[in-house]
Amino acid sequence: MQELELKIGWLYPTLMSTYGDRGNVITIQRRCQWRDIPVTIIPLDAQTEAETFYQVDIIVGGGAQDRQQEIVMRDLQGKKAAAMKEQLSAGIPGVFTCGSPQLLGHYYEPAFGQRIEGLGLLDLVSKHPGPNAKRCIGNVVFEITASPLAEEIKAMTGEKPLVIGFENHGGRTYLQTVSPLGKVITGYGNNGEDGYEGAFYHNAIATYAHGPLLPKNPFLADWLIQKALEQKYQKPIFLTKLDDSLALKARFAMFERLELTGVTNKA
Ligand code: GLN
């Protein structure tokens, strides 16, 4: 039998890992290792050549403050942006948090200074309403509605595809033609107005929910791993089940705390 292995590309680890975003990388790594699938973590940053972007099987990007985000957005423009666009458009999966989706859109207007051009990969724009505007901070719960992700997660878990996360952002994101990732049940989501959370493009998940996203929602981690391996080996992949009882208990405790046990009914 062919040995499987996975290469995680981690976008700008030192500039973009606020609020526990590193947790997403660790979760993918550990869930592979528990299944005896070796993992290599490859930083994708200012020292990396654009060619390296083609060598990874999955891309993880975290959040950043506006200043760091500007440095990253400038460094990515050109060959690296083209490589990332090509990879994600070909179906390489990714999970992009907070500042990362902002930089995958057309532009981000920070609280201070000039508009920063994004990669234009996701048809969305992000704007900070100014230094006096309230930040969007707190627990967020949303139901995944993006297709086919929602159906695939339902088939995998037998449950409604509910995601629990934590958000902390000043910028507000407005989707144009790209699909939302989900519908907000509690929290702000993309902008606190239209009820949408995140965006979904091919196999890339963009969300305001920070780095505990994958530990709190292990089915999303498995979906990403499965897609990455299927894309890499071009064959169906069946992952062995792991014991997620602790994560499920934590999810239930959060639903209780947020008085949302009523929405967790079976799909
Ligand atoms: N610059 C962004 C904002 O405040 C992103 C913040 C973050 O990634 N936590 O909107």
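Glycine is treated like the rest: Cβ placed from N, Cα and C.
Not measured: the values here are computed from a predicted model.
Pulled from TrEMBL:
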{"type": "DOMAIN", "residues": "7-217", "note": "domain 'CobB/CobQ-like glutamine amidotransferase'"}
{"type": "ACT_SITE", "residues": "Cys98", "note": "active site, nucleophile"}
{"type": "BINDING", "residues": "Arg135", "note": "substrate binding site"}
{"type": "ACT_SITE", "residues": "His210", "note": "active site"}
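Features recorded in TrEMBL, as mapped to the structure shown.
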| residue | record | Cβ neighbours (10 Å) |
| --- | --- | --- |
| Cys98 | active site, nucleophile | 28 |
| Arg135 | substrate binding site | 12 |
| His210 | active site | 24 |
- Rounded mean pLDDT within the domain 'CobB/CobQ-like glutamine amidotransferase' (7-217) lands at 95
- If you check the recorded positions Cys98, Arg135, His210 one by one, which have a CB less than 6 Å away from any atom of ligand 1? Cys98
- Cα separation, Cys98 (active site, nucleophile) to the residue listed as 'substrate binding site' (Å, whole number): 13
- Note on the structure: Rounded Cα distance, in Å, between His210 (active site) and the residue listed as 'active site, nucleophile' is 7
